[in-house]
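> Copying in the features that TrEMBL gives for the protein in this structure:
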- 156-224: domain 'WYL' (DOMAIN)
- 255-325: domain 'WCX' (DOMAIN)
Amino acid sequence: MPTHSTRTTISRQWEILKLLPNRAPGLTAAELHQQLEEAGHRTTKRTVERDLNELSSVFPLHCNDKGTPYGWYWQPGRSIDLPGITVGEALTLRLVEDSIRPLVPGLMLKSLEPRFNQARQKLTALGEESASARWVDKVASVQPALNLIAPEINAEHLDQLHRALLEDLQLHCQYRSANKNRVHELTLSPLGLVQRGQITYLVACAEVFDDVRLYAAHRFEAVTLISQPGRRPADFKLSDYVRSGAMQFGEGQMIQLRAWVDPTLAKRLRETPLSEDMKLIDQPDGALLTATINNSWELKWWLLSQAGAIRIDEPKTLRQALIDSQRQSLALHDTTI
């Protein structure tokens, strides 16, 4: 089994070969040393010079020795596509692996599995010598909301959703609605796949509806691919759909929110505003908040979570909806257990 020193040398020299350009004037030992340091390899310029001399005896490398500084590069027509990944590539793969799994088609994911495995092995092998390899243990991404457990998605169903999206085909589905707990027979034209927190949603048009709707991937009970081209609205773009606020479970209606907030919430909102045009006007007991914001369930959930720190003044319909929700909650909690 190779020692840590041997693995470090092999990894460093392999990275040098990846960094070398295929034409003059090439890269100097100093430039290569700097790039290696940025990639997490602890080394010296003298070590890089020795590496270059050793590698040039095995690989078709050329040194521009006609003038200083001396640049190294692959001989014309002799550069090779080296297998493997750099430390930076390995780190990137490890950081994105979990988040992209639900969004990548099964066949493509299978082709990525060796790269994911290689990334883990490379970072583990270089962990003691490379600061960059240890970076994955020093960063994390968490959801700001309650950390719910992700629902299980039938792998075959997800594969069919991926195929329909790739090939722009329709799907015949059995879908269980969240509220009525009833299974619906639907023919869908998939338009996109969106990961929202722990839930994967299919964005699609159904034959029985005219609008674009969301379907939670874990609620499909049967999925069959149909050799019929999907029906795609001419002006539909997934990026525009997401920006419209649809993933907040709204209808894209913008409202002028006017409210009083207490000092603590006002401070948080100054750090993370609700909208680009949000304003806070200081008052003796808090602040007056104004903002243009998408009227959605996400907004209502957030407002309810801040119930003791905010009073809605406008719009009146939103104010009444929140009052009704809180009255219902009070009625439930007033019930004697």
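Just so you know, glycine gets a Cβ as well, placed from its N, Cα and C.
Just so you know, TrEMBL annotations are computer predictions that nobody has curated.
Mind mapping these onto the model and telling me what they sit next to?
Model confidence over the domain 'WYL' (156-224) is summarised by a mean pLDDT of 89.
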> How many helix, strand and coil residues does the domain 'WYL' (156-224) contain under DSSP?
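Taking the domain 'WYL' (156-224) as a whole: 15 helix, 40 strand, 14 coil.
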